[in-house]
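Features reported for this protein in Swiss-Prot:
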type	residues	note
LIPID	2	N-myristoyl glycine
MOTIF	16-22	motif 'Nuclear export signal'
MOTIF	26-32	motif 'Nuclear localization signal'
REGION	117-144	region 'Disordered'
COMPBIAS	122-144	compositional bias 'Polar residues'
ZN_FING	398-415	zinc finger
ZN_FING	419-436	zinc finger
REGION	454-520	region 'Disordered'
COMPBIAS	493-504	compositional bias 'Low complexity'
């Protein structure tokens, strides 16, 4: 990638990529940090083109510098990046982010501004009696003191723009309440009403907020009734529910109640609490899914499930103890079976980091492939595949022919190969040399050419049938027929050898004696 997609030219980009993120660190700035900063600028109502010039970077620093001490990590990272860009535009050599921050504080006089924000211009610190200082210690927002009077400072368009974009993107999600708390810090009821009036859409949600405001205002009037009789001249009246809501009070009266009244009534903070209650009702309406319904899918990564779970916990209108109990009991209970087995093996009360580390990769395609490979390996090693459709009794585990142990075959046997006879099963000789099972002719089984007879070992076996009575031989029809054929054959041989003299059919020509005469 080149410098065409960044806020710097090629020479400035080379210098930018030599600056380290931390002192003595290995990581350095890259072009992806500039792209990330351009996307982050929209959240603060700033245009990304401001990063391309020195004046634009100074304007960004003026906006972000008041928020930097109490800002989030993303906001601090953006502020540090803009300070580095300002040094690059000013062609000042810096090695890391810390040096850039020190140079920016000096050139932009941020140290002097921080001191003047706490100390009045006269150089002498006044006492808090008489209402000369704001409750937060700063006199820049939402009002400034000029002489003995307080002057209202309206909200900046950037703040209103950030609020509108947050509502449009989140649609009254769980993030809206902390976003409103951050943007309305120290505001007067007039400023808060201005934040609500700039919302063109979501009028249904705003109507819910107005109903909550009316209920809280009525409750305030009941608990804080106005004093009977006329007020003394010059004394400020006590605020009512409509005064706190900003409908029957002016901006100057609101400032006097907050800063100069005796006793003081922070109408801005009270009205802010009412708005937060209404926004919490809107969040519950726009997020009807309860934390009890959040369950991990069979193929959902555990990290995504945790994000959805804590988002639902954030939207729940419950105390901290109840949310803690929900987290401890439901997070593991509603996980899928694969993650649940792993989480239960971690013991009692595992941390979220331990759970995320243990379930990393569970449910993904790689994890499924790994489990399938292990299952196939176990099936192959045990040889439990049923042939013939699974009919009959299951086969026993395989037995090794080499060592005689169960659980593996001969090709998987770890012991050295032994010479063993296939007939008798004894080691030391082959089947062709086996003398264990031979017949009475001296031949064993499977020796091909000679007739197969019963083994010699079975000739002397006792018969299982009882002996015939009187030691007589049992009748055998086959044996009887064989004897008849033998006798008949003997008679025919005798007749051919000695022909009868009185037989007229006998012809000597049929005999071989006629061929040789008396020589035979």
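Just so it is clear, glycine is given a Cβ too, placed from its N, Cα and C backbone atoms.
For the zinc finger (398-415), the number of residues in each DSSP class (helix H, G, I; strand E, B; coil) is 3 helix, 2 strand, 13 coil. The residues of the motif 'Nuclear localization signal' (26-32), classed with DSSP into helix (H, G, I), strand (E, B) and coil, number 2 helix, 1 strand, 4 coil.
Across the zinc finger (419-436), DSSP classifies residues as 3 helix, 2 strand, 13 coil.
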